[in-house]
Amino acid sequence: MGDPSKQDILAIFKRLRSVPTNKVCFDCGAKNPSWASISYGVFLCIDCSGSHRSLGVHLSFIRSTELDSNWSWFQLRCMQVGGNANASSFFHQHGCATKDTNAKYNSRAAQLYREKIKTLATQATRRHGTDLWLDSCAAPPASPPPKEEDFFASHASLEVSGATQASAQPEPASSTPWGLETTPEKHEGGPGQGPSVEGLNTPGKTAPAEVSSIIKKKPNQAKKGLGAKKGSLGAQKLTNTSFTEIEKQAQAVDKRKEQEDLARGTPKEESIVSSLRLAYKDLEIHKKQDERLNLSGQKKAEAERLGMGFGSCRGGISHSVTSDMQTIEQESPTLAKPRRKYQEDPEDSYFSSSSKWSEQSSSRYFDDPMELRSSHFSSWDDSADSYWKKDSSRDPEPATKSTGSSDRPSSRRKPEYEPVGNTDEAQKKFGNVKAISSDMYFGIQSQTDFETRARLERLSTSSSISSADLFDEQRKQTTGNYNLSNVLPNAPDMAQFKQGVRSVAGKLSVFANGVMTSIQDRYGS
């Protein structure tokens, strides 16, 4: 016995898949299963087929119904005698309703069903051999091939059938002319005359000629079925109606539509006119309010800009802001002097002097802004040099006043020297000397030498000394008495750095004053 061909396999599985119970998976119920268990003759999905493979071939032998082509006749008979419906009924009869794959196919019911499928497939193979279909599943009856329809033959058959129907019912069709012929004879003749019998001698060929049309049959059939009911959808006979009246009615309807359109258009025009009237009234109200308030030009502009006192005031109840509006002009402000947190050295007194100069310049700037602006921006390059000359002549006080210098010890404190009143004495005293020092000029050389010798003699017995011991300074200085000279290092380049800072600060102050004046001129007035 040879193996089945591919066409035989496809034909058998096509027939088996057409069964509704075989269109879903036997285990999970998924649609369109493409795998099969030969041991049980059931159809499975690809996921359930994997779980069946893990059970082993001794429990379930899996094959694909689409990919595998080496099926044997015994395997095909197993699928034919099995099926999802037979397997489910057998398992239910034996009380196996579990969903667990291992428990289900290792049960006693699964073992009995495997043996049953094997026995039935062996018997079918011996009995039918290589036949495709078994007795239980015979081949479906072959449907006859569709015949080609002839268009002209079909129309000819319709005409023949219509003629036979007309000839089959000659009596109802011929009764109508006979009745029409007898009625006038009754009116024309007397009551003794009988009906005419001329139509009886004529052959029956004339009747089909008069009743051959299908249109005359329909009223007779409609009368039989529907009768003379009111509101029917059948055709009605036209009475004597005048078309002039219909035309007049149509014209009346057209005129009515035109009138409705005109009536709809008038409210729109009225609404437009009313809106224009309201706009004019609003303008008149605003004009009256302006006349009543008597606002000047500047106050009116400010009121319009702020949106106050127009349209929202209720007469005699609410308060109008414009009645109490006053124009406030800014006077020259007095700038408060900032408090100094730290004390300064005479060397660093520039910052205090520059602040005073900026205050004076700002006040003078506000008094005459145009003159100062032109003077500042015309002499931009020379402003720093001229400023320092003015500063030295205008504000000499910070150079001599220093609040923190009194807290220093007498040894390191810079003494307040008074210049020699008479310059002739200095010229007489140092006229022939090539070089002199400040100590020689002020006569303090002997005093400093005496203090230094006394201090060294006092510390001669000590093993080590410090700078604080040498100059009699206190160990700890108070936190509030720090000076800028104690913070900044005493380096030779610090003088140049201070000079650069002073020049930059002067230029920035001049530029800031010019900017502030331009802003106040533009936005202040």
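Using N, Cα and C of the backbone, Cβ positions are placed for all residues, glycine too.
Marked as compositional bias 'Polar residues' by Swiss-Prot: 162-177, 319-333. According to Swiss-Prot, the compositional bias 'Low complexity' annotation covers 222-233, 349-363. The compositional bias 'Basic and acidic residues' annotation in Swiss-Prot covers 293-305, 387-398. Summarising the annotation, Swiss-Prot assigns domain 'Arf-GAP' to 10-126 and lists sequence analysis as the type of evidence. Sequence annotations record features per position, and here Swiss-Prot assigns phosphoserine to SER232, SER242, SER271, SER275, SER332, SER379, SER437, SER460, SER462, SER464, SER466, SER467. Residues or ranges marked as region 'Disordered' by Swiss-Prot: 160-233, 249-271, 293-364, 377-428. Annotated zinc finger per Swiss-Prot: 25-48, in sequence order.
Neighbour counts were taken at the CB atom with a 10 A radius for the modified residues SER242, SER437, SER466; the maximum falls on SER466.
Taking the Cα of SER467 (phosphoserine) as the reference point, the closest of the modified residues SER242, SER437, SER460 is SER460. DSSP assigns SER464 (phosphoserine) to coil in the three-state reduction, placing it in neither a helix nor a strand.
Packing around SER460 (phosphoserine) is summarised by its Cβ count: 8 other Cβ atoms lie within 10 angstroms of its Cβ, all protein chains included. Rounded to a whole number, the distance between the Cα atoms of SER437 (phosphoserine) and SER460 (phosphoserine) is 30 Å. Neighbours of SER275 (phosphoserine), defined as other CB atoms within 10 A of its CB across all chains, total 10. In this view, SER462 (phosphoserine) is surrounded by 9 other Cβ atoms within 10 Å of its Cβ, with every protein chain counted. If you take the Cα of SER242 (phosphoserine) and the Cα of SER462 (phosphoserine), they are about 153 angstrom apart, rounded to a whole number.
SER275 (phosphoserine) and SER437 (phosphoserine) have their C-alpha atoms 99 Å apart, to the nearest angstrom. Look at the domain 'Arf-GAP' (10-126): DSSP puts its residues at 65 helix, 11 strand, 41 coil.
Cα of SER464 (phosphoserine) to Cα of SER437 (phosphoserine): a distance of 32 Å. Taking the Cα atom of each, SER466 (phosphoserine) and SER437 (phosphoserine) are about 28 angstrom apart.
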